């Protein structure tokens, strides 16, 4: 046997560029060779052994060439000598000392290229090593994905006469773990037959590995049988056990298989009285179930599909834990119709503890609002106030935003009474309506022409501490003007000026109609002068309002002048402009001019109102003037002008 000092010297000589000194190897008869031929191998590496004296730190681990007689190779002799020294060190180890991995790493390095059991025997024959060294060697080979070499070492161990060298639970577990990691199951059945032949009693770790190996091979029945055997042996399964048992369902994202396995494992645990293990099983299954659902949402499989998955889990008594419910809710996104999923999950989430996080509730409310599910968002808000957590400032801001959406939708449908009910509902929930909410309700009253409700809302707004703005006054003025309450409209106008609210062009336009309808032409003239002094930019509606005032006063010439100013201001006359002009000219007795304006409107593709047509027919008949060829008499219908289409509609926050 080569001594440690001789081995150290020979190792040092290998690092020199000169040929090997033959006298160092008294037992070796080889031709000299250069070191670079060893080091040029791509897998050459160093092995650091902290348990041997510092001078023995280097082991050349180049690939062993596959030869008939490895004992004839010089590198084999070096490796064999190193293993012998490690065996001597292990023999000197005290029983109380912790086993080291040096011998196991060295064995793994030496066996990387073996192809036969005889090659393993050439290295390890006669060495007295701790069984821990063989476990470490198989682990290292498995780490390098050399499962075949690990299995050859296992075959060598199983034929050894020394009981300490024969396979034990740790060696088999290491080999099966390597097979599992590499998904190399060629020799799996052979190893399992050896386990049964030796009547090994696996520990919990070995059971976990066996179960997952069967699952990875698609042998679910065998995996379940080993799980039942584990439980019957009174071994308490842990979270890794359940993850191994459910591996196939998780990998295939098969919820039905997951639930079937969950129920079978649950029955086995309950029969053995392992109630705590059932909770761990439920937690593992819950995590996989939530992942399956999240992947389904990510792939946009539809809300109905996801809800069916959730219902399947609930029917099989698999209640997801709070973190997994929360993860599904966070995965719900707008634009993918996840509102139904979020609503269903929130219903279940309220039933489990701990309470829902306020940020998650806000996320769900925002999602509902984005998808226009305002009532669902309100339901979440009500549950927060009833079950917790208490709404924060963001919650109130979000729910106020949802109410504003409802108010706007109600306004567009001209259901102003519903707007008022929404305001009352906001106050009932402790949500103070903002200026946008009040203004939207006033505009809804103007569109619906409900003066009484508009006045009530206006007074209520002031009572709640809100200062009316120009839009608030404009909406109330429009409602009163359309309702024919001209005197009350003048009172509101004076109050507006008293409160020093600067009128906009819409407010001026409404008051033009009010003064014109009440025939207060002096006030109208004063109003026009004020508009000129304030340099207010006029609109088409403003000019139409003045033409309409002239039509009601039978002032055809005035209407014609305002029409000329309208076109001179860069505006294109519309149906209302020509309709009111024809009415004004007809009532003023200017039949030819009225006929000319009517023909021009037709040439422009505009449709005058039936009232204007009737007025034109009457004046042409009275003046014995021929009617236009394409004129068809129509029943007179009352004309209407709506000045409620506000450009300055309230903008939500």
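If you go along the chain as it appears here, the first residue is 1 and each next one adds 1.
Backbone N, Cα and C define each Cβ position, glycine as well.
The following features are taken from TrEMBL:
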REPEAT    203-237  repeat 'PPR'
REPEAT    357-391  repeat 'PPR'
REPEAT    434-468  repeat 'PPR'
REPEAT    469-503  repeat 'PPR'
DOMAIN    487-604  domain 'PROP1-like PPR'
REPEAT    539-573  repeat 'PPR'
Summary of DSSP states over the repeat 'PPR' (203-237), given as helix, strand and coil counts: 26 helix, 0 strand, 9 coil
Residue distribution over DSSP helix, strand and coil in the repeat 'PPR' (539-573): 26 helix, 0 strand, 9 coil
Reported mean pLDDT - the repeat 'PPR' (469-503): 93
